[in-house]
Amino acid sequence: MSSKTPLLDTIASPADTRGLSLAELKQLAAEVRAETIDAVSVTGGHLGAGLGVVELTVALHHVFETPKDIVIWDVGHQAYPHKILTGRRDRIRTLRQGGGLSGFTKRAESEYDPFGAAHAATSISAALGFCAARDAKGEDNSVIAVIGDGSLGAGMAYEAMNAATDTTKRLIVILNDNDMSIAPPVGGMSAYLANLVSGGAYRSVRKLGKTVVEKLPTPMREAARKAEEYARGMVTGGTFFEELGFYYIGPIDGHDMDALVSVLKNAKAFGDKPVLVHCVTQKGKGYAPAEGAADKLHAVVKFDVVTGQQQKAAGGPPSYTKVFAQELIKQAEKDDKIVAITAAMPSGTGLDLFGKAFPERTFDVGIAEQHAVTFAAGMAADGMKPFAAIYSTFLQRGYDQVVHDVAIQGLPVRFAMDRAGLVGADGPTHAGSFDIGFMGALPGMVLMAAADEVELARMVATAAEIDDRPSAFRYPRGEGLGLDMPAIAEPLEIGKGRIVREGTSVAIVSFGTRLSESLKAADLLAARGLSATVCDARFAKPLDLDLLLRLAREHEAIITVEEGSMGGFGAFVLQALAQHGALDRGLKIRTLCLPDVFQDQDKPDAMYAQAGLDAEGILRGALSAMGMDNVSAAGAGRRA
């Protein structure tokens, strides 16, 4: 291993950190930070968050006996230093690669990852579950949840904190405040106060005072309790957490190893109520290019360690995300009722561009998808035209609101479902696999999928005109095909697909961007003597029933293709054909969709090939339906 990390080279597991001095822990943190930077420069990934918690990670593994003591990282963006210290350093340069380490915590990967993560605000609830199980079994290990201040925008975190004191007396929550959105540290006095209020002497005096107070009449007793908590809250900023039943410590400098170790040891000794330790950290800490970047190099591709310069790909076609944003801006220029809503992802959804054009019509509600959906519903109910741009995977978090607050009331909220289908390096936690099924199940919903960037623009225009019911359109991560874009897109006719290529034997019906692979599959079929019709469905709801019945009459087989799970577009088509008797005449059908597994991270093309949704996979599906062996391209095949 590298001589640049002599101390880290001796660390095989967290147990090896427990005999280190404070000076050695500081050295170890510096080496872990260097290793994290070097590894992510090779793989790309989430850099800034991990750099901000290096000292905290080292201190946690030094003070607590992991994996016996449970440490749960919220989201998991910050877990790279944790992985380096927990026996995965030899694989750290496989982060987010096919067959490599996950970019998040993952139970199947290590005993030091007791709970998987990737979506925000789950850590405290999971930690409470571990506490309840521990208490029921009569065990005494510590349970720690590390959650960022951004995740506190999600209601689930407060639901868990509200239930904490009713669940257990032994829980540690560490608030990693890297935006100083709650309270900044106040120099040495802040660290001194944090250490003071977490120490045994202070708590003993406090306990004695409470004993005396209990002898007072009820009104005076309540007044004394409030006075003590608010007095402490004024100097520590923790009154809110105290009201939720936590003993608040902080804010402390999350890069001060001495303070971290001291306070964590004190917190470990608590046993009479949950503890919240407020650590203020700096995202991107210790790497100048990250500290100087507006986003603190939150997510990066491969980069030069010396300069921080990222190895951006040569300019290609605009991304689907950008196409969505640009068309939404065009529609908003002619309709002042159009507004846009994002849940803490303005850049990821392209709404940062919309926000520059229409700041007063752009709403970032934070990590709060449930609120985002019902907020949009309220705006729609009062005559506005809201577009809620939310990653498919995150829309899952607001599904009850989609059903109850939008669909049942028939409100015209427009859902722009970005990152639909497989997303590559972020793996199964971020894949947009299920939205076709869960959105298509809702009465009255108009559900579209773009085959290319021109189609996406037309779907934005279509959604803008739908005023009597909810609508949704899905589109993938990545670049479009480089097609010429119209000055302003024309809306589509609701529920009507299009024939892209006419054939006679097999009909391939694509929903989404698998259309290009479907056309390639048609070429492969032609080489085998089979003529294929290729259709872009455009709509999963309402289906183009006239088109589907025509295809059923005129072809021997129908193959549906979609970038989603089972129970989606193919299932809708199959049910519609069955209900109209189209299967009674021996029509052959195959529904090609994502496999019934959670696919691990890899390059998207490789993942779709594994799923059988590339041209070769579609070819195999068609040949299977026709009862033919998959022979060489030059052969005509034979009947099975």
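Placed from the backbone N, Cα and C atoms, the Cβ positions cover glycine too.
The thiamine diphosphate binding site feature in Swiss-Prot is assigned to HIS77, ALA118, HIS119, ALA120, GLY150, SER151, ASN178, TYR287, GLU369. Positions annotated as Mg(2+) binding site by Swiss-Prot: ASP149, ASN178.
Feature map: annotations from Swiss-Prot on the structure.
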residue : record                            : contacts (Cβ under 8 Å, 6+ apart)
HIS77   : thiamine diphosphate binding site : HIS46, ALA49, GLY50, GLY103, PHE104, HIS298
HIS119  : thiamine diphosphate binding site : VAL75, THR393, PHE394, ARG397, THR429
ASN178  : thiamine diphosphate binding site : ALA49, GLY52, GLY148, ASP149, VAL280, THR281, GLN282, LYS283
GLU369  : thiamine diphosphate binding site : ALA343, ILE390, PHE394, LEU395, ARG397, GLY398, GLN401
Binding-site residues listed as ASP149, GLY150, least Cβ neighbours within 10 Å: ASP149
Largest separation between Cα atoms (Å) of residues that the record links to thiamine diphosphate, namely HIS77, ALA118, HIS119, ALA120, GLY150, SER151, ASN178, TYR287, GLU369: 32
